[in-house]
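The region 'Disordered' annotation in Swiss-Prot covers 1-54. Here Swiss-Prot flags 69-89, 106-126, 135-155, 166-186, 193-213, 226-246, 280-300, 301-321, 337-357, 376-396, 440-460, 468-488 (among others) as transmembrane segment.
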Amino acid sequence: MAVAELPNIVSTDSSPSPHPGSRLSSEPTDIESQKAPSNAEPKTDPNLVTWDGPDDPANPQNWSFAYRAFVTAIWVYGNLCTCIASSIFSSGSGQIAQRFHVGSTVVTLGISLFLLGYTVGPPVWGPLSERFGRKWPMVIGMALFTIFCIPVAVAKNLQTVLIGRFLTGVFGAAPLSLVGGSLVDMWNPAQRGVAMACCIGTIFGSPVLAPLMGNFIVESYLGWRFTQWLSCIMGGSCTVLVVFGLPETFAGSILRKKAAAIRKAGNPDVHTVYDGKQKGIKDIFVIFLLRPFALLVTEPILLLVTIYQAFIYGILYLVFVSYPIAFREVRGWSLGISALPYIGMMVGILIGCAIVVIQTRRNYDGNKAVVPEQRLPLMIAGGCLLPVGLFIFAWTSNPNIHWAGMVIGSAPVGTGMYMVFVQCLNYLVDVYPTIANSAIGANTFVRSFFGAGFPLFGPFMYHNLGVAWASSTLGFISIAMIPIPVLFYRYGARIRSWSKNSKHT
C-alpha cells in the first residue's frame, strides 16, 4: 500500500508513529517525543531555537485546515502514482511476452522486481528524511521514479524492462516511506486517523484500480508501452506539484533553517533540539538491517503478525494474475471487460476503510492510552470476512454460473484484506513503540517478498488446480490464520510482558 512501508494509519493516540507501509515512514520512533518546545514553555538554554509560542504560524500543526488538507492531497497523489505503477504493468503482460518472446511468468518478474525495490528504498529514504526533511527526498524520489519509467516505456529488450522496473520500485518507495512522518508533522493524533486512513486506502486500493485503466489502454491502439508512459506522466506531474506546492513539514528542518538565519544575523551559538541527532551508517545498519531479523526470531507477536500480513499482501498481488485467468481464460472475456470485476474489490476496500476509521474514532478519543489488543477485534472480523469472500469467488467461478457471484465475493475479500492489513500495522506499532522502525522493517521485508513471490507461482497454481480449488486453498489458509489475532486478543498482554522490547501496559 505497498504496499513498501506503511504507517500507524489510524492511531489517535500520542504514541510514537514510525511510518504502510510500513510501508509509510521511516522516521525515528520518538518523532513525537522530540517535538520542539515552543518559546512559551520554560527552557534553560537561551540559545535553543524553538517555535515562537504555541500559535507560531511556522509550525505545520498551526496551518489552516484547508492548507493541511491540500498538502495531504499532494502526498496522497504521490502514493497514487507509484502504487498504480506497481501493478499497471500486469495489464500489458501478454503483449510484453509476445514482443520479447518469453513466457508470462518471466514477464511477471516486472511486478516482483518492482516490489523488491520497495525493500531497498525505505532504508535510504528514512535517514534522508531525518537529515534533509520531507520535501527534498520526495522531490528526488519522484523525479528519479519518473525518469526510470522512460527506459521501461521505450525498452528494446526485456532486461531493460526488468532493471527499469526494479529502479522505479526503489525510487517509488519515497512517498510511501515519507508520508507517515509528514502527516505526524501536520495533524494532531485525533485528526491524523482520517488523514492516514485516506493514504492507506490509496496505497491499498491503487494497485487494484490500475488494471481497470491499464487493460483498456492495452486493448486500444496505445498498447502496453503507454501504460508506462502514463506512469511517467503521472510521476512527472507529481514531481512538479511537489517542487512548487509541497512545503517542508519536518520541525527539525524548519527550525534548523530558522537557526541558520539567526547565526547569519550574528549569533553563532544558537542550536535546535534536532542538532546532532542524525543517524550514522552504523545506526542505520542496526535499525534497518540487523535488528529487524533478530526481532523476527525472538518476538512471537512480530513473527506471527508478520506472517499473517505478508500472506494478505501476497493475495493482493496474486489477484493480478488470478483475475485474468478467471475472467479472460475461463469466461472468455475481453481484456478491457475482464478488469471490471476489480470494482468489486475496490468497493470492499472502501468499506473496510470506512469501518476502520469509524471504529477507531469510537474507541480512541485522543486522551486515553491505547491498549494494543483493542486493535484486534477488527483484525479478527476482517480475518473472518476474507475466507468467506474467497470461497464465494471460488465456487461461483464455473462459467455456467453467473459472473455476479465472483464480483460479490470480491467485496468481502477487499474488506477483509484491508482490515487485517491495517490493524496488523497498528498493532505492531502499539506493541513495539520504542523500536517500531525495526519491527516494521522486518515486517516490510517479509511482506515484500510475499508480494513479489505470489505472482510468480500464482499462474501455476491456478492452471493446475483450477480457479475454484486454487482460491479455496487460499481460503483454507486464511481460516488457519484467524487464530493468530484471537490468540493475541486473549493472551497478548501476557505475551508482551515476557518481552523487553514491547509495551507492557
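Here, residue 1 is simply the first one shown, and the rest follow in order.
Yeah, the Cβs are placed from backbone N, Cα and C, and that goes for glycine too.
Predicted, not measured: the structure shown is a model, and the values here were computed from it.
The listed stretches are 106-126, 166-186, 301-321, 440-460, 468-488; of these, 166-186 has the most Cβ pairs under 8 Å to the transmembrane segment (135-155).
Cβ atoms under 8 Å from those of the transmembrane segment (69-89) belong to residues 1-3, 63, 110-111, 114-115, 138, 142, 145, 149, 165, 168-169, 172-176, 178-179, 182-183, 186-187, 195, 198-199, 202-203, 206-211, 213-214, 227-228, 230-231, 234-235, 238, 241-242, 245-247, 249, 317, 320 of the same chain, restricted to positions at least 6 beyond its ends. The transmembrane segment (301-321) and the transmembrane segment (166-186) are not in contact, since fewer than 3 Cβ pairs between them lie under 8 Å (pairs 6 or more apart in sequence).
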